[in-house]
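Below is one structure, written out as structure tokens; the observations come after it.
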Amino acid sequence: MYPAHLLVLLAVCVSLLGASNIPLPSLDFEQFGKMIQCTIPCEESCLAYMDYGCYCGPGGSGTPLDELDRCRQTHDNCYAEAGKLPACKAMLSEPYNDTYSYGCIERQLTCNDDNDECKAFICNCDRAAVICFSGAPYNDSNYDIGTIEHCK
């Protein structure tokens, strides 16, 4: 995958963050993108994850359309749980600047032991999401569906 394409995908999801009014713990989007690249060997096809289903980024709504969309919903819910941790409260004011420590060896992700409680929780949210993405089929009919009419 081309890093610029992944950043475009993540930028779309970030734009949804601003509209959602949901406070979230830290997420380094470039780092999350690198996790995705580690696990999912998607070149240009990664662009197709933009505007997919009802849950691209926090603030999704409605019933997930398929397994991939459920992965995204679960990721949103995991971040909501992280936001309830006392250790994560301090990071809510700067949600995109903090990074966690992780490893990638032969397409296997691990969250490193040197993360504090909040970073470990967030790393595991992202790790679980990426693993879920890698096992979920992509359904072309769920791309660019128009969330207003399909995600109630």
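Glycine is treated like the rest: Cβ placed from N, Cα and C.
What Swiss-Prot records for H75, D126 is active site, and it gives sequence analysis as the kind of evidence. Look at Swiss-Prot and you will find Y55, G57, G59, D76 tagged as Ca(2+) binding site. Under the heading disulfide bond, Swiss-Prot lists C38-C104, C54-C151, C71-C132, C78-C125, C88-C118, C111-C123. The signal peptide annotation in Swiss-Prot covers 1-19 and is backed by sequence analysis.
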(message) Let's check the environment of C88 (disulfide bond): how many other CB atoms sit within 10 Å of its CB?
(response) 23
(message) I'm trying to understand the geometry here, so how far is the Cα atom of C111 (disulfide bond) from the Cα atom of D76 (Ca(2+) binding site), in Å to the nearest whole number?
(response) 19
(request) List the same-chain residues at least 6 positions away in sequence whose Cβ sits under 8 Å from the Cβ of C151 (disulfide bond), in sequence order, or say none. (result) G53, C54, G60, S61, G62, T63, L65, I145
(message) Nearest by CA distance to D126 (active site): which of the recorded positions is it, out of G59, C78, C88, C118?
(response) C78
